[in-house]
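Copied over from TrEMBL:
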type	residues	note
DOMAIN	A:70-282	domain 'ABC transmembrane type-1'
TRANSMEM	A:20-40	transmembrane segment
TRANSMEM	A:74-95	transmembrane segment
TRANSMEM	A:107-127	transmembrane segment
TRANSMEM	A:155-180	transmembrane segment
TRANSMEM	A:201-226	transmembrane segment
TRANSMEM	A:266-286	transmembrane segment
Amino acid sequence: MRSATAHQSDLKNGIFVTPFLLVFSCLLVIPLLWGAWLSLTKADLFGPGKFVGLANYSRLFADKVFLGSIVNTLYFVLLTVPAFAVCGLALALALNRQTRFATVMRAIFFASSVLSVTVVTLIWRIVFIPDIGLLSNIFGWLGLPQVAFLSSPKLAMPAIAIATLWWGIGLPMMLFLAALQQIPGEIYEAAALDNAKRWKTLWHITLPAIRRTFVLVLIVQCVLQFQLFGQAQLMTQGGPNNASRPVVLYVYEVAFRRFDVGMGAATSQVLFALILMAALVQYVVARRKEESR
Amino acid sequence: MTGANIGMVRPRIGDVLIVLLVVLAALIMILPIAWVIALSFKLNQELKLDTNAVFHAPYTLKNYLDVLGGSNVFRWFLNSVIVSFGMTVGVLILSSLAGYGFARLRFPGRDILFVLVLFGLAVPEQAVIVARHQIFSMLKLHNTYPGLILPGLAAPFGVFLMTQYFREIPKELDEAALLDNASRFSIFWKVLLPQTIPAQATLGVFTFLGAWNDYLWPLISATKKEMYTITTGIASMQTNFAQTEGLGFLMAQAVFAGLPTLLVYLFFQKYIVAAVSGRAAR
């Protein structure tokens, strides 16, 4: 038994968590509630507005640019999230060994993750820019025709997705590596005795063993990629013809460029709801599958 | 695959193919950065005609001298240093105190409060940013260092990480001190905190990188040029990109802005790997 004095519940003990809780309440909880309220008002940047009920939301859902931005964001999530999961897993499988080569490679694939969005977009604009860009040069050497990636409505979003994949591939790779290293080696030894083929081992042993991490990667990436902003703002300004305008860029423009704060707040509520829904759906689906096993 | 023994029996074509693919992918990772670095060493006049010029001399340091000589870039760099260090120190202090409190002390409402903090993990920045901006306007915090630093302090991730870490420290360590009637704070400070240094390093590196690279909040909060961070500052110069005026200069700025985080990464790789794999380095 532990001493009673040491473990008594005491209000004074709460003093350790108070500083954080104060900051947390003022900067997260209150803004969250305030934002929900703001979305029901007509307000500008400088003070509380007047209550207008759901008017902002009905304006929002009548706005083609907003609806387009939701479609764009979903398209971007569909482009990137599966790619992150598949490429991340492939890299982790290839680099899950204790060799110097693997260590160096891991460091290379993670390095781009520590760059800021500004540097990443500078790098990739100089890759995609017509005539003088890296791809233009490569296409030129190969005798291929020039392509203006960022000014094509069809290619702008895929180009942003490629830059994003390049930027963020390190995180899923590391998560998968951590999971692979948790798999006990005996399982593989047993499989090797059975003369199991590589693909069979992957399919029947490795993948089931890391399914939790797979779901985690999907959820984390979904949440992250729904927040697409900097790449689209800096690479294409949402263009051409709104083809690459994501929801957060819409929030930014409405709230901080047009100063329609109520509408901006309403948009961010919708985005929040979308992210929560996407994460919940994945979580529930994964849960159900696990139970049915 | 873990089964190195599988490959050892006879080297298979599959293994060779995997290595080749990995090397190819690594080249794709490095090539854009190499291109940017190469461009940064070229004179602007030459690049205007043809970027293929990077393959032959002359090379120049002029772009880097221009970056260092330019009044703004240096100021932005300094702002980033102040903001990133401020946020890192703040997060470490708040998270350690709260982690200790949640993990090792009892007080009324503790469990509910902890669940509330965990809920905070699920709230994306965009959900609060409009309201937060309005509150900061009223308090006249925009275009100030506190305005840039404060939002980063409300990070539940640090509290979560430190709570986990404090829980793992053996109970005997502070119990003896408690029986000697040492104050809770001195136990925290002298006995437990030294045990958490690896976790502090992990959390510190991550907070620093996050703060240095943050884009959305500095973009809307710091609207005066002299209060930009290096991230938003460089972004503000990207706009006239298409004319390729000063392409080499722009690339030198990219290198200048990216280098600090790459260096932090090189020095603290161990802690970064530990943090993304979900365990604090020991």
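Cβ atoms here come from the backbone N, Cα and C positions, even for glycine.
Just so you know, TrEMBL annotations never went through curation; they're auto-generated.
For the transmembrane segment (A:74-95), same-chain residues at least 6 beyond its ends with a Cβ under 8 Å from one of its own Cβ atoms are 102, 105-106, 109, 157-158, 160-161, 164-165, 168-169, 171-177, 179-180, 202, 206, 214, 217-218, 221-222, 225-226, 228, 246, 278. Only residues 6 or more beyond the boundaries of the transmembrane segment (A:20-40), in the same chain, are considered here, and those with a CB under 8 A from a CB of the stretch are 49, 51-54, 56-57, 261-262, 265-266, 268-269.
Here the transmembrane segment (A:201-226) has long-range neighbours at 73, 76-77, 80-81, 84-85, 88-89, 93, 164, 168, 171-172, 175-176, 178-180, 182-183, 187-188, 191, 247, 271, 274-275, 278-279, 282-283, 286, 289-290, meaning same-chain residues at least 6 beyond its ends whose C-beta is under 8 angstroms from one of its own.
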